[in-house]
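Among the features that TrEMBL reports, active site, GMP-histidine intermediate is placed at B:His50. Among the features that TrEMBL reports, GTP binding site is placed at B:Gly9, B:Gly10, B:Ala11, B:Arg12, B:Ser13, B:Gly14, B:Lys15, B:Ser16, B:Ala34, B:Thr35, B:Ala36, B:Asp83.
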Amino acid sequence: MEKSTLITGGARSGKSALAERLTLSATGRGVYIATAQAFDDEMKSRIAAHQDRRGPEWQNVSEPLDLCGALTNTDGGDPRLVDCLTLWLTNLMLGDHDWRAAGAELTKTLRHQTAPVVFVTNEVGCGIVPENKLARQFRDAAGWLNQTVAEACDHVYLCAAGYPIRVKPNDNPF
Amino acid sequence: MEKSTLITGGARSGKSALAERLTLSATGRGVYIATAQAFDDEMKSRIAAHQDRRGPEWQNVSEPLDLCGALTNTDGGDPRLVDCLTLWLTNLMLGDHDWRAAGAELTKTLRHQTAPVVFVTNEVGCGIVPENKLARQFRDAAGWLNQTVAEACDHVYLCAAGYPIRVKPNDNPF
Amino acid sequence: MEKSTLITGGARSGKSALAERLTLSATGRGVYIATAQAFDDEMKSRIAAHQDRRGPEWQNVSEPLDLCGALTNTDGGDPRLVDCLTLWLTNLMLGDHDWRAAGAELTKTLRHQTAPVVFVTNEVGCGIVPENKLARQFRDAAGWLNQTVAEACDHVYLCAAGYPIRVKPNDNPF
């Protein structure tokens, strides 16, 4: 298993299931780093249901903001799955954090990891330009973050209908 | 020609033209199973115009809901083209049918078909999260249906700018 | 370097950076044909900032409408980069020009070019169907233009997270 992988794709394209399978492929165990925040009881029960579904082979870590800390704390053991970068970016933007600095720090942290990391992220830029200004800013930021993390990863896949298309490495001449 | 193929892609990405070419490639003839519903005269004339464009090599079947029945009734002859799954899902949801059960039944029916089937469907999950709740539910359902049918198909292609990208089978390790 | 290439992808997927790299790969110099229109001072300063970033290896041409004229005028020298077709289509539609005729003329012009051309365009059809009628017409037109130019090009790539996926030529059987 490669040290770092980015799995991108649209909503419900099968990204998380593929990421789970890839993460478990090395040792049969994985660390699930969830960036989702439980703002209310409905969200709390959804997150609990997700953890139950995943089973005892997963160690669950919840970290909405300090992703670098979570990666450093869990390094040296089983592969980690970060689900997902788009929610992490949302949390950073809602909390008025410097998301560009956070993205740059993430790629730096990634360089020093010894256990594998699989990132899940979303394609959000393939629709009509949103009329809402915040939505336009978010899709620009998400595109920037995806490119930044992809450049730091060994492998990148794009999911469609539950299957991965290889994006990096590729044999294109540029 | 493989027994079952799913062709997905964005609006106006060339999915239907590719599906028509693939369907006709085996015998030069095909059965066109259209899931569009003609609610008004404008829609009726658009559907009639589409049928005229396709020419006499096509047998036209219109079936907005009972796709399994349409496949069973047309089995044993020329390849079938189902255009499209996204409209079928829309019809199921608008009519308050159990679309999960219908999707599961479709994959079961597919297993017993002897003549080839080519499905056309849409990528609807690669934009910004819609503000409209029904739109979010629809894109979740469409993603689920695409994954479910893709798993039951021998081949999956993603269309971009009129050309197919192979999604399944692939040589990725997961 | 092939004579003509289309690079498509979502917003902030790395299309322009890849197109710049490809365009410069032949001679180390390129002609940048920008279709963006500067309607106000903010836009003017953004365009100026883009030109500064690109550096002296680029000759900058601004042409919002007469793309065929711009290609003919710049033929016979360094490779050209057209950034982007989606803005060109926007300009054509806003000015009430016949965009289908313009697209057809573009493919005709392309046939007679001797220096390479790299086109950048956008995927806008992979989200939920827009509620806005003009947005639906635009995404239909954009899909048509992408298919039309792709058919006339030697190579087509789809960008995801900063990396190109090869779309044309491909080894699919249809």
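Backbone N, Cα and C define each Cβ position, glycine as well.
Everything TrEMBL records as a feature, shown here on the structure.
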residue	record	DSSP class
B:Gly9	GTP binding site	strand
B:Lys15	GTP binding site	helix
B:Ala34	GTP binding site	strand
B:His50	active site, GMP-histidine intermediate	helix
Take the recorded positions B:Ala11, B:Lys15, B:Ala34, B:Ala36, B:His50 and keep those with a Cβ under 8 Å from any chain C Cβ; what remains?
B:Ala11
May I ask which residues of the same chain, at least 6 positions away in sequence, place their Cβ under 8 angstroms from the Cβ of B:Ser13 (GTP binding site)?
B:Cys159, B:Ala160, B:Ala161, B:Gly162
If you count the other Cβ atoms within 10 Å of each Cβ, which of the recorded positions B:Lys15, B:His50 comes out on top?
B:Lys15
Need one number for the GTP-binding residues B:Gly9, B:Gly10, B:Ala11, B:Arg12, B:Ser13, B:Gly14, B:Lys15, B:Ser16, B:Ala34, B:Thr35, B:Ala36, B:Asp83: the maximum pairwise CA distance in Å, whole number please.
19
Fewest Cβ neighbours within 10 Å, where candidates are the binding-site residues B:Ala11, B:Ala34, B:Ala36
B:Ala36
Could you list the residues of the same chain, at least six apart in sequence, whose Cβ is under 8 A from the Cβ of B:Gly9 (GTP binding site)?
B:Lys15, B:Asn122, B:Glu123, B:Leu158, B:Cys159, B:Ala160
Distance check, please: Cα of B:His50 (active site, GMP-histidine intermediate) against Cα of B:Ala34 (GTP binding site), rounded to an integer number of angstrom.
10
